[in-house]
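Listed in TrEMBL:
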type	residues	note
TRANSMEM	A:48-66	transmembrane segment
TRANSMEM	A:78-96	transmembrane segment
TRANSMEM	A:102-121	transmembrane segment
TRANSMEM	A:128-147	transmembrane segment
TRANSMEM	A:167-190	transmembrane segment
TRANSMEM	A:220-242	transmembrane segment
TRANSMEM	A:296-321	transmembrane segment
Amino acid sequence: MNAPAHPTELSRRWSSLSGIDINWKLVIPALILAEVINRTTGASTTTLLTEIIIFALFASSLNLLMSFGHMVSFGHSAYFGLGAYGFTLAVTKAGLPLEAAVLLGPLVAALGGLLFGALCVRLTEIYFAMLTLACAQITYTVLFQWYDFTGGDTGITGFMAPRFGLSGQNFASLTLAVVTLSLFALWWIVRSPLGLSIRAAGQDRFRAEALGLTVRRVQLTAFVIAAFFAGIAGMLYAVLHGSAFPDYAGLGLTLDSLIMVVLGGLNSFAGGIWGAIIYKLLGAFVPSLVHEWELVLGLILLVIVLTAPKGFAGLIARLGLDRKGGR
Amino acid sequence: MDPILSARNIRKRYGAFLALKDVTFDLPRGERHALIGPNGAGKSTFIACVAGQLPGVEGKMIFRGEDITALTPASLAKKGIGRTFQISRAFLQMTVMENIMAAVVIASGRWTSLSRGLYRDNLEKAFGLLETVKLDDRAAARVADLSLGDRKRLEFGMALAGDPELLLLDEPTAGMSIKERHYLMEMVATRMEETGKTLLFVEHDIDVVMKIAQRVTVMARGAVLVVGTPAEIAANEEVQAIYLGGHH
């Protein structure tokens, strides 16, 4: 045993022995770049940028489940939708001021995550995935059918000035700030003892249980956290467009988020962020070049899964741009 | 002395097959006890019963005076039963240090903590465990890149994180070289000796059993055949006929 080391020396030793670190040399220029793009380009680019930022958070919340909890959810859009509707209905039905409603949206999503999650974590693997799908479809159906309350398939529009009446550029900056803080919170969770327990439960539940961990409780905690952050993303999306539609909780968005995580890179914190950037950029530019853009996307996915199963983040790590290796 | 573990008429059925037939077994505190017997004798099933891994176990399992028969693996771990698995189980995508730290964090019961100060507070303990199992120089290695022997030692280190009163090792040396087997089991025996904790292990290597165990239980076809010191077991004709004389 070495002589007792200084606390900072100990934390330094711990960081060098655990795998996840923020590469500030990459993060700070990226944030500055986003803001520069926001301020120097036109309105359509600003809207695209805002959506990319929102989806970076949405995909990262799913990534917490997939890369760290090893829980593949086929219904993550439910919590995006609940965040959007929680916010929207708080304004339209409960008459809450916007400041309170923006908090309520993510909380509704977290509550939904608690309710559905408690059911889903009773199962594992594909059965877990199918149950998350069922829960999301229930959410979608309720939003779609309950005309009196949710407006059904016509959604809810015109209840507020989009973006709180902010200019597109200012709202993009606000979104960037909220999402950056949220991602930082997610990263903090992943690095914390809670995050270590989520990863432990995901990687070997029997080992974790034998050590004294109640795996279902850990998984439920992860599920609620993921739902909460998906809810923030959904709420931001509803504010951006000043509307909410059942499709926010639909299969399409679930699929989008899954593709983003795989594109961006499984088992990497940055995977969700990279995925959102790449997927949204492809979706914005490829359709103007090729009519069947889904075909192009399919081919790209095929190539990624076959040649770079760790996605874009894995590629970055291989190029040595991420010093800690693709975690 | 009071036994730390008492099994009373433990019976486990898989459909029509009776894997354990009224096993009654007492394990004195502080003993290193080996469970041996031919394949299908019910050794691993018995370990799984003690560790709470199996549903539908009949009979009664008493640990430190408390009925633990229907408890889950997680609550048994909290009560002081640690274990390793026949096929090594660890968190493969994490580093060795993260594995040990996860074990320490879980054992501390503070898995919901968001404070990385918890790591700092436990780093000395974690390093101590790594030194105990001679893996301190591999702390930053990913478990997926470890050799089988290193993984088994890591698992032993993780099982020690909660200072278990009773340690269950299910074929800890399976698949290891003779040298590695003795290295691991001497390490285990030393640790048990130092801490006064109780060890129950399933082992096929008779040399290891003779060297490490203070007493041995021989099982056959789901029942306890005989209990005794290694010397008594070696001299027992029935045991020789059913087990030692067979394929070993």
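Backbone N, Cα and C atoms are what each Cβ position is placed from, and that goes for glycine too.
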Touch test for the transmembrane segment (A:220-242) and the transmembrane segment (A:78-96), at least 3 Cβ pairs under 8 Å: yes
Intrachain neighbours beyond the transmembrane segment (A:167-190), with Cβ under 8 angstroms and 6 or more residues off its ends: 20, 22, 31, 34-35, 38-39, 43, 46-47, 49-50, 53-54, 56-57, 60-61, 64, 68, 198-199, 225, 229, 232-233, 236, 239-240, 269, 273
Folded-back contacts onto the transmembrane segment (A:102-121), same chain, C-beta under 8 angstroms, at least six residues removed: 71, 73, 75, 78-80, 82-88, 90, 96, 128, 131-132, 135, 139, 216, 219-220, 223-232, 234-235, 238-239
